[in-house]
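I have placed the structure first, in the form of structure tokens, so that the comments after it can refer back to it.
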Amino acid sequence: MGVQSPSPHHNRRQFTSATHACDFHKRASTGTYNCLGASLKNPKTESMVTPSLCQAAFAVFRQIEPIIVLEQLGSTLFDTALQMVVRDRCANITDSVHSREENQQRGITDFYMTYNLIIRILPIIPALVLARLSDRGWRKAPIVVPLSGYLLSRLALLLVVIFGLPLEVMFAAAVVFGLSGGFSAYWPGVMTLASLGSSAANRSQVMMKVELLYGLAGLVGSLVSGHLFLLYSSSLGNGTILLSVSTLLHLLCLIFSIALLQVKQANSEDSEDSYHLLSHASRNTCLIAAPGINMVNVVLLFVAAFLYDFAVGGAIEILGSFVLKSPLSWTATEVGYGNAAGCMIFLTSFIGVIVFRKCISDETMILIGMMSFASGIYLMSFVTQTYLFYIARLLNLFALIPMPTIRSLVSQQVPASSCGTALTLLQMTLKLAGVAYIPTFTKIYQNSLNWLPGLVFLLSSIVTVLAMIPISIVGCRSAQTQQYVRIQGD
């Protein structure tokens, strides 16, 4: 206990006696000070601190955030491993018509076309079933069941690497993953828990925070994934340690979701009608929509989401193969860094939401994000060196703003009881976009591989501009509604 030195004008004996009396009283009451003022450890206090820390840690693990982090860490490790395993398995494909590199590119894109079609088509029905269970009170079902599929698919690739199984085994793993609901069920389940635990006014920011956490976990996983892939255990080969860590992370994720995850109840202030509040940070009023579903806005938002996902998904579908061919010819480490650059967009998009929502509407934020992606992916069409790749990704710094903001707007157009179903239907719309863009962009890329490999990126840029049209219409309708409400109020 720090005590200032007495003034020379004070009686030192009286001060010393008072100090001893004070210290004795503190020792008797708390047991933390002795007669000399020295600090002592109180066993009872220490025994109280330890349970408090344990309770705080336990409370953290009962939230959805640790599951998001663990799942994304495991998935980024898996994605890098799968990409490199497929590249190595397709390296020896020979054809008398095409060159060795062109055959490898065709083999990689054909594999991913089949694999991604499976994991996008099969989850449709299981995800809808899980969404209905979620709306009936089984909120953990859309999270636990898909995580089981995640774990099995990661384990399958580990067995392929260890035992040298055919690459086609991953198609069977994709079937299992799809039947469990996959990302189509998992992500709406996560978003539903996040949205029900927030108010309509800040739902866009809450969902973007989830996206931020998802992106930061992906950033960390991507940075280390390439290095972990190069490590190997005895004669098992590259990727075994990387996939072992990925499988372990998904196992922990599944355990947490089953045993620890706590489902939050919707806020009392966020009643069913609050899902109809079209709140914008730039507008100091809340517009109350008509009772029921605002079908016109919902349709326009779904169309915009379809077009934007078609553009983004198609470009990203080819980007993984594009960086493996010359002139880039990336290694596992460079692939990890490239994926990390993509994950950085989560951070820049989150900062963009925080800044933009103070002065502009949600619709305008979506338009800014779409323009950001359109400009960056246009430059990607002409990338021939690694530094140009990173410049193109830098232009995409707000590219992830549109989708979570569209989800937020959709959740504001429907009753609370249908929130889970609406978000799942939106996710199904995105999966239908995937069914369309996967074969489309794959075939265009294969046919233009020799004369303009970046043609698919030009196409993606054009479709993104088209997606801005329905968003602009929604913005105009919201402005008209706002003006009408103000006139009625006056």
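Placement of Cβ uses the backbone N, Cα and C atoms for every residue, glycine included.
Long-range contacts of the transmembrane segment (112-131) within the same chain: residues 86, 141-142, 145-146, 170-171, 174-175, 177-185, 188-189, 317, 320-321, 420-421, 423-424, 427-428, 431, 434-435, 438-439, 442, each at least 6 residues beyond the stretch ends and with a Cβ under 8 Å from a Cβ of the stretch. Look at TrEMBL and you will find 112-131 (among others) tagged as transmembrane segment.
Residues or ranges marked as transmembrane segment by TrEMBL: 143-163 (among others).
Here TrEMBL flags 169-191 (among others) as transmembrane segment. Within the chain carrying the transmembrane segment (169-191), a Cβ under 8 angstroms from the stretch's Cβ atoms is held by residues 64, 67-68, 71, 82, 114-115, 118-124, 126-127, 130-131, 134, 139-143, 145-150, 152-153, 156-157, 159-160, 207, 210, 407, 420, 423-424, 426-428, 431, all 6 or more beyond its ends.
Listed as Cβ neighbours of the transmembrane segment (212-233) (distance under 8 Å, sequence separation of 6 or more from its ends, same chain) are residues 65, 68-70, 72-77, 79-81, 84, 239-242, 245, 331-337, 339-340, 342-347, 349-350, 400. Marked as transmembrane segment by TrEMBL: 212-233 (among others).
Positions annotated as transmembrane segment by TrEMBL: 239-261 (among others).
The transmembrane segment feature in TrEMBL is assigned to 298-324 (among others).
Summarising the annotation, TrEMBL assigns transmembrane segment to 336-356 (among others).
Same-chain residues lying 6 or more positions outside the transmembrane segment (363-381) and placing a CB less than 8 Å from one of its CB atoms are 304, 308, 311-312, 315, 319, 349, 352-353, 356-357, 388-389, 391-402, 405-406, 409, 452, 454-455, 457-458, 460-461, 464-465, 467-468, 471-472, 474-475, 478. TrEMBL lists 363-381 (among others) with the feature transmembrane segment.
Residues or ranges marked as transmembrane segment in TrEMBL: 387-406 (among others). Residues 204, 207-208, 210-211, 215, 301, 304-305, 308-309, 312, 323, 328, 338, 341-342, 344-346, 348-349, 352-353, 356, 362, 365-366, 368-370, 372-373, 375-377, 379-380, 426, 471 of the same chain lie 6+ residues outside the transmembrane segment (387-406) yet bring a C-beta within less than 8 angstroms of a C-beta in it.
Away from its own ends, the transmembrane segment (418-439) comes close to residues 112-113, 116-117, 120-121, 123-124, 127-128, 130-132, 134-135, 142, 183-185, 187-189, 191-192, 195-196, 275, 293, 298, 301-302, 305-307, 309-311, 313-314, 317, 406-407, 410-411 of its chain (Cβ-Cβ under 8 Å, at least six residues beyond either end). What TrEMBL records for 418-439 (among others) is transmembrane segment.
The transmembrane segment annotation in TrEMBL covers 451-476 (among others).
Counting C-beta pairs under 8 angstroms (sequence separation of 6 or more), the transmembrane segment (239-261) reaches the transmembrane segment (143-163) with 3 or more such pairs.
Sequence-remote contacts of a segment are chain residues at least 6 beyond its ends whose Cβ falls under 8 Å from one of its Cβ atoms, and for the transmembrane segment (451-476) they are 297, 300-301, 303-304, 307-308, 310-312, 314-315, 318, 322, 325, 361, 363-364, 366-367, 370-371, 373-375, 377-378, 380-383, 402, 409, 441, 444-445.
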